[in-house]
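Data block below; observations after.
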Amino acid sequence: MSDLTRSDAPRPSVAARLPGLSALGPLLALILLVALGATLNENFLSAGNITNVLARSAFIGMIAVGMTFVITSGGLDLSVGSMAAFIAGVMILGMNALLPSMGVGLPLVLAGMGIALGVGLLAGLGNGLLVTKARIEPFIVTLGTMGIFRSLVTWLADGGTISLDFGVRQFYRPVYYSGLFGIAWPIIVFAIVAVAGQIAMRHTRFGRYCEAIGSNDKVALYSAVNVERIRLMTYVLLGLLVGLATIMYVPRLGSASGSTGMLWELEAIAAVIIGGTALKGGYGRVWGTVIGVLILSLIDNILILADLVSPYLNGTIQGVIIVLAVVLQRGKSSSA
Amino acid sequence: MERRTFLTTAAIGAATAATGVSVPALAQGKKAVIGVSIPSATHGFMGGLNWHAQETIKRLKTTYPNLEFVLATAGAVGKQVNDIEDMVATRNIDALVVLPFESEPLTSPVKAVKDAGKWVTVVDRGLSQPGIEDLYVAGDNTAFGRVSGEYFKANLKPGAKIVVLRGIPTTLDNERVDAFQAAIAGSGIEILDMQHGNWNRDKAFQVMQDYLSKHKKIDAVWAADDDMAIGVMEAISQAGRQKEMWIVGGAGMKEIIKRVMDKDPQIPVDVSYTPAQISTALEVTALRFVSNTPVYGRFIIGSTLITAENAAQFYFPDSPF
Amino acid sequence: MSAAPERAAAPVLELVDVRKSFGPIEILHGIDFALHAGEVHALIGENGAGKSTIMKILGGFLAPSSGAVRLDGAPAPYASGAQAEASGVVVIHQEFNLAPDLTVTENIWLGREKGGLFLDHRAMRAGTQALLDELGSTIRPEARIRDLPVSDRQMVEIAKALSRQARVLIMDEPSAVLTHREVEVLFRQIERLRAQGVALLYTSHRLEEITRLADRVTVLRDGAVVRKAGRGELTEDGMATAMVGRKLEDIYPPRRHQAGTVALEVRGFSVPPLVKDVSFTLRRGEVLGISGLVGSGRTELAEGLVGLRPATGEILRHGIPVAIGSVRDAAASGIAYLTEDRKERGLLLDKSLTENLTLSTLARFGALFIDGRREEAALSRAIAEFDIRAPRRDMKVGNLSGGNQQKLLLAKTMLGDPEVVIIDEPTRGIDVGTKSQIYAFIDALAAEGRSVIVISSDMPEILGLSDRVLVMRHGRIAGELEGARVTETDVVRLVMGTNEQPTGSASHV
């Protein structure tokens, strides 16, 4: 029998080691979009426009990175958009309330950031506990909390808008609008989150466990993986990232209302799926998610820059591109 | 018609009716129930409308103890239909004040209320079949667009270039935009771009960023809504082009009114389209049950140009909007 | 290589010089294979020899890379499993093709529902009942597949195939999960179908079944036909030799073990609702067999011991009580459980070998970041040590043969270096060559001083491996046999409850 072993020894081929074409589908779509944008408008590749697109992608982007882990482990979170609005509301109210005692300055802004991360953590923990301990379907849990967060922020705002004190806002504003070496802060933070996310997914136990649980949670359970804790952690991580996104979002317009973060959850989920993560879980690709987010932002940007179609049809173009991006991967992977 | 004046009149009339005990249309002891069905506060204008509705109901309840109100807010058409049916079935309302989410689907449910012999007041968006409502109170979308357009025409030279942000694609938005375009017709003003900002600050911010990337020279922006105007302002200040263009929003958000009052060169004027129209509708409907004042008909609350001179009377610091 | 017996009748379905490659790897090398009406043709070979691929090609699920599939002498007119079924070629898969949330009736009529605008539930239910009666099965037509044990699902699969009026019926190890009684029913049905002129392809690792059923035997090895024989031409020993390519000695390890100190003691252990008040001891270097019918609580007991099910009672390791509330606790106490359901609970089928191998012991491969090189090294060791045969290291585990999956699962379990290993059905659905390897591994574990519990429905396996045997019935220990008393008769008596031994003497320690 041992001689058979030798002859059957694994012989990895070079082709097998390269990432398949299907994996590069979203990247290809992104490159095509950039090329399209560049031919349609000469300002497309200007530093200003690129900064705009990247910076506005940052919020959804950070959230989508967190969403990648939730979806990879077989979960879903529909509440992130409302959660962002709620966190923004609480953060602004908190900062306004602390203003008389703390005055405008770094401590106040840090306190605001602390509030945002704290509320995000608690919100994520709430979702996670309902999913893992109460064993309710994530879809239902987060559909519920989506409504709860949304109505809470509307209530906090009295149906209107919660605005950050003008003086504080002036001080806090640079967190969105300025940056380091000409790169805006939201872009820097998003890049850090994305790189850390990619490493966590590929090179840590947490990422590996997320994939295992999403692939088959029974196998994970039988393999001594603390399934509940990992699931809980994905929701907490997502909550924290929503908090982080909110920290970058609030200085942009300095306000929160019932319409803040509307449909962010769907954009984040769409970005994750476009990026090649399986909606049913089991396989996650953080860099793909980043590309997905960029694709979504770019479509919007190009449609406005280019005057290609009636604005009524923007949604159609977006929908077609989203479906195409996914079909592109699917088609290639099944033939491979 | 000027809203504030009308309100004052109505309030005085109502007060007289209450204190003078002048043969109320209602039998003593019996309470009249008024159902109020409005869309929920999903954006600034509706938030303001919700606030005004609640404030007015509070005030009317204190003034007239024999009036009872049932307020329901709906996030979708279907929910609103259900609300109305529930009000009739379980709360036995005597009158319905409704701001239809959409005209078509609400027409027959509201007609059913009317056919059951209830009083019907329709606010802001008309039903698709005329003659159902007893009372119609609405803003004037055509005037809203026209007043804005006239300001652009008067203050820009021929050849000036402007960009427009539209709202959510609806009839209401179309009416405004058509009226705006008609008003600037022949002025030589060129509309460079017209995209949907969905009456949303964030979306307006992004659309404006893209306009600024795309167009080297913009003389003015018709943001058509104060929420969108705020997003637009941020995008402009990010690009450092505040001096280049001015902005006209609309609806009368307090922050914007404040800027007009303070003579902010970026926001020279605003155009009223007040969420307080719901107050008018409620007050007039209440009159029907506490007095004999004849209150049938249509009340169209026109859109007025708000300037630094008259801004004070449109400024409600307590309103969330 | 001997020629198959010549028959006047032309084959119903045949493969002519069929080759099949996946990527650069050719796994079938010019197969000629024919099924004749009214005959049972057995296809045997080790796991990975190419049986499943041949069946998939016959059933229209795979297209050959070259060569021809002929139905009634003409090129087969189907390109999918559904079209093949329409042509009367029906495959009963090893991985059941049943919708778990639908009822038995709904599954049997799936895709061919009776009725016009509205479903004719009554007719379908009656039809299902008739089929099940014919099979002598007591399954309720309203039962959901999810709630049925594996053997019942197999029966439903067979009933479904019968209802398809198959001309050619291809059965992939149908007896693997059936009890003796059920196997008898299955055989009667096969004989009945043969008499009706159906062409049958039968595979099984139980060679005695082949001897009994098959009119012809084709032996595969490494993707090629190595032997064709008619009824009676091959002994079971001859079949095994042809499959493995060498002479097979006794597949069971030769010697009994020297039991050492008590490694595990279980007292008054109950796993609600089935297992009640079980007590036993396990010594170092000992192999303890647990026998009993499916549903007697064997698996539940094991899962209770490793914290997969809530349980009460005492577990002592080396005389010290331990609390086990999860698989992690069990691992910390040096106890590991190897599940009977390797596809659903043991391995991540859509993940690579490495990811599966290290899943339960990932913490050992780096504190913060996983050390990929150490993982690769571990896989290399596992491949060498457990003789795992994978064409590619980065392939999905689901594409490995059952035997190699089982070896990988064993390697994964042993990576945690457990002292007590509970192996549930160690050789279910595994060919005879791999079986003997796995028996040798189990033997080696005991020889190293580890304690092994083997749970099995396979009587020879229990008898051949165990130093001591516990028999479970209705969730309790029905008896314990040791040394010379471990005989088939005694075990079967205890399993069936035909011999009410004074249990006090044997079972309650």
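Indices start at 1 and increase along the chain as displayed.
Glycine is no exception: its Cβ is also placed from the backbone N, Cα and C atoms.
Pulled from TrEMBL, these are the features on record:
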type	residues	note
TRANSMEM	A:21-41	transmembrane segment
TRANSMEM	A:53-71	transmembrane segment
TRANSMEM	A:78-99	transmembrane segment
TRANSMEM	A:105-126	transmembrane segment
TRANSMEM	A:138-157	transmembrane segment
TRANSMEM	A:177-199	transmembrane segment
TRANSMEM	A:232-250	transmembrane segment
TRANSMEM	A:262-279	transmembrane segment
TRANSMEM	A:286-306	transmembrane segment
TRANSMEM	A:312-328	transmembrane segment
Spatial neighbours of the transmembrane segment (A:78-99) far in sequence, C-beta under 8 Å, 6+ residues away: 59, 63, 66-67, 108-109, 111-112, 115-116, 119-120, 123-124, 127, 139, 142-143, 145-150, 152-153, 156-157, 162-165, 167-168, 238-239, 242-243, 245-247, 249-250, 254-266, 268
Field: Best-contacting stretch, by C-beta pairs under 8 Å, relative to the transmembrane segment (A:53-71) and drawn from A:21-41, A:286-306, A:312-328
entry: A:286-306
Message: Is it the case that the transmembrane segment (A:262-279) and the transmembrane segment (A:312-328) touch, counting contact as three or more CB pairs under 8 Å in which the residues of each pair are 6 or more positions apart?
response: yes
Field: Of A:105-126, A:177-199, A:232-250, A:286-306, A:312-328, whichever stretch has the most CB pairs under 8 A to the transmembrane segment (A:21-41)
entry: A:286-306
Query: Are there residues at least 6 beyond the ends of the transmembrane segment (A:286-306) whose Cβ is under 8 Å from a Cβ of it, and what are they?
result: 23, 26-27, 29-30, 33-34, 36-37, 40-41, 43-44, 49, 52-54, 56-57, 60-61, 64-65, 67-68, 194, 197-198, 200-201, 267-268, 270-277, 314, 317-318, 321-322, 325
